[in-house]
Structures are given as C-alpha cells and as structure tokens.
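A.B. asks: Heads up, here are the entries from Swiss-Prot:
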BINDING   Asp11, Asp324, His325  Mn(2+) 1 binding site
BINDING   Asp283, His288, His336  Mn(2+) 2 binding site
Amino acid sequence: MINRVIWIVLDSVGMGALPDADKYGDVGANTIGNVSKFLGGLKTPNMSKLGLGNIDEIKGIEKVESPIGCYARFKEMSNGKDTTTGHWEMVGINSEQAFPTYPNGFPRDLIEKFEELTGRKVIGNKTASGTEIIKELGEEHVKTGALIVYTSADSVFQIAAHEEVVPLDELYKICEIARNLLTGEHAVARVIARPFEGEVGSFTRTSNRRDFSLVPPYDTVLDNLKKNNLNVMAVGKIEDIFSGKGVTEAVHTKDNMDGVDKTLEYMKEDKKGLIFTNLVDFDMKWGHRNDAEAYGKGIEAFDVRLGEILNEMKDTDVLFITADHGCDPTMPGTDHSREHVPFLAYGKALKENVNLGTRESFADMGQTIAEIFDVEPIRHGKSFLKEIVK
C-alpha cells in the first residue's frame, strides 16, 4: 500500500551527456561526475546507499554492494534542456518544439509594446548573467526607473528591478503584462521577476524571485491526482513551473535547506497524494556561476538532510529523487547542459537493489505515479511500478 510519493528534483544535477548532446554543444557534460572529479570525490552516504554510485561509474561516489533503493538514469525525450521542458516531461508532456530563445535580445517591436503597456522604459535587452547585469545597469535603473530586461540561453524573459524603485507588487504585475504579451512565436517558457536590493556597487538579488510560466498545454499526472481528490503539494518553484495547474497547495522557498524544511513539514501532515519539491540552488547559485566547489558542497549538504527525510518516511511512503537537466559548472559557458538525469526510489513498499537501467523518457516517472494512485494514465511514459513494487 502506497499513500504518498515524495518527489524531489535536484535542479540541474545531471548525470552524463545525452546521445544528442552534440546538437546542444554539450559533449562531455556530466554535472555530478565532473563536480565529483573536481572535488576529488563527494560524501553522499545516504544517496549512495539508495544506489547513486551504482547508476553509473562516477569517480568519487561510493558504489555499494547491495543498495536499499531502486536506481536508473533517464533520457530526455523532449527537445530542450531547461527547467520547464524537464519538469513538464516528468509529468507527461513531450515538448517536441523547443521554447524560443533570444541570443541577440528581444525584437524591438516587442520591447516597444512592453514599454507602452508598463509605462516604463527598458534597458539591457540582451543575454546576460543576472548578477552581472545588475552590476552593469543597476545604477541607471535606480536613477531612471527603467526596467532591466535580459535573457539567457534558456527561454526566459527576465525583469530585474530594485525593490525600493519598483515595489514587488508592481514588479509582479509587470511580469503578468509580459506573460500576456509573450504568446505565439514569442511564447517563452518563463517570465521571471528578479528583484534586488542594496546600494550601488553592492546590489544583491533577493529571495522574492517569481516565475510566470506558460500554462501546460494539456492535463498531466498532477491534474489527474487533483481530479481524484488527492493532494498535490508543491514546494519551491514547482507551482510556478506549472502555473499552478494541477497543484492543490503550494509553498515557496528561500533556498535548498528551506526547501527540505518545507518538505519535512508537509511530510508531518500525513496527507495522501504527492509532495513535489524543487531544490533550485544547484542550478541558480552554483551551476550557472561555474562554482563547482560550492555545487559539490551543496550535493553533500542535501545528502545530510536526506537522512532526515528517510527518518520521517512512513511505511506507506515512497521517495523519488531525480533532476530536470544538467548545468555542469566545469564546462565552458554558463548554460544548462543536455544530460541524462539520475533517479533513485526508496520505500518500504519497494524492492531493494533494482537497477532499472537507462529509461527513454522522464515521463516514465509520472506514469509510475499515475499507476501508484490508480488515476488516469498520462500521454507519455511507461510505468516501471511492477519492476519496483514488492
């Protein structure tokens, strides 16, 4: 009997380049493998005992004789290597067409329309690191009130503003204006509010980031759970990624540790259904900033907290741990990488030491959850429940 699934996404913790990585410029990417190599090994006793080191030969991650979990690596079926594409595929959406990207900034007519609708001028309009662009344009923004608009290798329209210049409520309204404007050929995956604070020369981003995503085009396993009166509890940016669709309750988080805290709080509530958590620091704080050392320490810090999650699990709980894409901090550039993702599953209702090999789509996870709760199957993915359940 399984009453609840705790599904944790370690954002960007990929595990080796996909066969088509050459099309994305990502040959040789291996986020967890290269981070481990960089640090001379990673201490991950909890994930190792679930089977992390048994998925693939990773230098510096312990391979145990008899893991107590089930383990695999997954290919991405969709085109793309971003957060939205990865998470959407997990719950049953195959994004055949990659979301639009803007390496040279957004078209002038689009920006002019945005300025007209918001009543504020735009500065920036280029591909940039969020921390660098507020250093470069923050002072001008504070003086003029113009919005800093920028993008990245991802399909994102990001708006940075100082919280004392553009109050949060206004910034979020501006993002909604952008979201409504960016449709059709310009339907970017996410509009992101990027508030910052501080004085010139020492601006820092705050934790009040908010994502305004496209609404998923059709029902996912989240909707199917919700329709059957099961709880879908979203932790971190999960609610934003799905634009709230299929979510019954949600909590936003400040960082990875807060994400684990909120997950544990939901676990204590003992509601039937799904706790779906995204831990974003790996990607946002360390992957994009090429900080391999901090990335590795972050993996180790999560592993310590994983001990608390395992202790809190009831006999009717199942735990899934995975990732949504890669972001190898040892690679040139600061973009996501097109990688396999690791997968670990554990619970008293599951068999031990099951090697599921390499699976063809992230959607297999969502299809398995649909079967666990006996709800309508999703459009894509093959359930592996029979292979792992006792």
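From the backbone N, Cα and C atoms, a Cβ is placed for every residue, glycine too.
Locate each feature and note its surroundings.
C.D. replies: Taking a C-beta cut-off of under 8 Å and a sequence gap of six or more, Asp11 (Mn(2+) 1 binding site) has these contacts in its own chain: Thr83, Asn278, Leu279, Val280, Asp281, Phe282, Asp283, Met284, Ala323, Asp324. Under DSSP, Asp11 (Mn(2+) 1 binding site) is assigned to coil, being neither helix nor strand in the three-state scheme.
DSSP assigns His288 (Mn(2+) 2 binding site) to coil in the three-state reduction, outside any helix or strand.
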A.B. asks: In this structure, which of the binding-site residues Asp283, Asp324 has the fewest other Cβ atoms within 10 Å of its Cβ?
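C.D. replies: Sparsest of the binding-site residues Asp283, Asp324 by Cβ contacts within 10 Å: Asp283.
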A.B. asks: At the Cα level, what's the spacing in Å between His325 (Mn(2+) 1 binding site) and His288 (Mn(2+) 2 binding site), rounded?
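C.D. replies: If we compare the Cα positions of His325 (Mn(2+) 1 binding site) and His288 (Mn(2+) 2 binding site), the gap is 13 Å.
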A.B. asks: Counting across all protein chains present, how many other Cβ atoms fall within 10 Å of the Cβ of His325 (Mn(2+) 1 binding site)?
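C.D. replies: Step by step: centre on the Cβ of His325 (Mn(2+) 1 binding site), count other Cβ atoms within 10 Å, giving 30.
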A.B. asks: Residues other than Asp11, Asp324, His325 within 8 Å, Cβ to Cβ centroid, of the Mn(2+) 1 site?
C.D. replies: Val9, Leu10, Ser12, Val13, Gly14, Asp82, Thr83, Gly86, His87, Asp283, Ala323, Gly326, Cys327, His336, Val341
A.B. asks: Using the Cβ centroid of Asp283, His288, His336 as the reference point for the Mn(2+) 2 site, which residues of the same chain not in that list have Cβ within 8 Å?
C.D. replies: Asp11, Ser12, Asp154, Met284, Gly287, His325, Cys327, Thr334, Asp335
